[in-house]
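Now, the feature entries from Swiss-Prot:
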- 18-22, 33-34, 36, 38-39, 65, 124-125, 155-156: GTP binding site (BINDING)
- 21, 39, 62: Mg(2+) binding site (BINDING)
- 31-42: motif 'Switch 1' (MOTIF)
- 34: phosphoserine (MOD_RES)
- 64-78: motif 'Switch 2' (MOTIF)
- 200: S-geranylgeranyl cysteine (LIPID)
- 201: S-geranylgeranyl cysteine (LIPID)
């Protein structure tokens, strides 16, 4: 891959057993292990990609979903560029816990502007037949909690896995572009000492 690569840190968050490790491994190694164990603490993998002409190194952090590992995972939230809130469509409780994960991340990552932070919501395990959460319910949650993109994925059969991580990159790039636009539009007239132009920040 040629050209300067942008390093982006992405955090996978959600209850234990929703398939965060499987999503990461499917995306980076294109492998699926049905016997995978729960993550203890954190793990991360890198993958280089190109999205809309931008070269990116995606650093994907997979976190332990169990409450007893909270002290191990939360220090790694800082510096994250995007958060993938993940639940399993066949586990109602994992969906209902999304709000708690969102709040935990915002607090421990010290997010300064939660309304504009790029969250992406993933409904994983769509290969399962006994789903407990409908697409419409998940989309409604996303609209109510920040108008987040929602994607349904399956690490097992590789449904929307690449699309999900590329969407995360697009969300980060969109926020950065908006910030750059704000800074360019917010200029200072040195002669008068007053600010000229407009700001969208």
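All positions are counted from 1 along the displayed chain.
The backbone N, Cα and C atoms fix where each Cβ goes, and this holds for glycine too.
Rounded to the nearest whole angstrom, the C-alpha distance between residue 125 (GTP binding site) and residue 21 (Mg(2+) binding site) is 12. In space, 20 is the closest of the binding-site residues 18, 20, 22, 156 to residue 62 (Mg(2+) binding site), judged by Cα positions. Counting every protein chain shown, 7 other Cβ atoms lie within 10 Å of the Cβ of residue 34 (GTP binding site).
Cβ neighbour count for residue 156 (GTP binding site): 17 (other Cβ atoms within 10 Å of its Cβ, all protein chains included).
The binding-site residues considered are 20, 125; of these, 125 has the fewest other C-beta atoms within 10 angstroms of its C-beta.
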